[in-house]
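Visitor: Features from TrEMBL:
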type: ACT_SITE; residues: His58; note: active site
type: ACT_SITE; residues: Glu143; note: active site
type: ACT_SITE; residues: His147; note: active site
type: SIGNAL; residues: 1-19; note: signal peptide
Amino acid sequence: MKLAIAFGIVLSLLAVSSAAERFDFFYFVQQWPGSFCDTSRGCCFPDTGKPAADFGIHGLWPNYAKCHGGDDDGQARRAVLGDDAAAASLSGVGRRGKCWPQYCDDENALSPWAIRDLVASLSRSWPTLSCKSGDSFEFWSYEWKKHGTCSNLEPHDYFARALALKAAHNLTEILAAAGIVPSESESYSISSVSDAIRKGTAFTANLECNRDTDGQTQLYQVYQCVDKEGKQLIDCPLHMRSKCGDDQIKLPLF
């Protein structure tokens, strides 16, 4: 009888282990709302009103250090293109293999009840700017379904840890301390932005740029690498090519 019980426990542990998603780190991605909106496609404010002029969370994305079955070329392309653009072109699979996990449990939909105590903070720190819907919960649900279900975290922990990372490393304040503030006339070297973030967080961030309606380069998203528990910044385990170049970049008003 004892042997049967022990065998059952071992089988249960193996089942849990096999169900756990294997990945190497998280990308914690924040976007500057002025740069999101100042493009040809524009933006729309959420139902709760215009967000603050502050970096907003885009997502907490499990990633592989290398594409399964090859090198990190596809992963680097994903990092440069951004989640949505890369997903559309690669669907999570690079030319050399799968580069990040996604949609790990389609049946595990996000429940409003699971994050009820976080909604106010999420509305401030993780607002939607998409014109598809002004409901930020739809944005959170999408991020949970695509990325959160691969995180090995429960929904509350997944969103709470993203909020904690943002609070611990306030990019808007870090850049302001270095004299890098939103402006329609000023521009900044990409190295000064990178150096300010490294000084303020003790880790180098990966930067993504886009172009405004006049074709000028602007800081769009900041990728910070985080440990597999989603708690601490780490040195990024892969190199990410950037399209920011050596240009002066803008941080447009919002």
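Sequential numbering from 1, following the chain as shown.
Here the Cβ of each residue, glycine as well, is placed from N, Cα and C on the backbone.
For each listed feature, how buried is it and what is near it?
Guide: Note on His58 (active site): other Cβ atoms within 10 Å of its Cβ, all shown chains, come to 24.
Sequence-distant contacts of Glu143 (active site), defined by Cβ-Cβ distance under 8 angstroms and a gap of at least six in the same chain, are His58, Gly59, Leu60.
Cβ-based neighbour count (10 Å, all protein chains) for His147 (active site) stands at 24.
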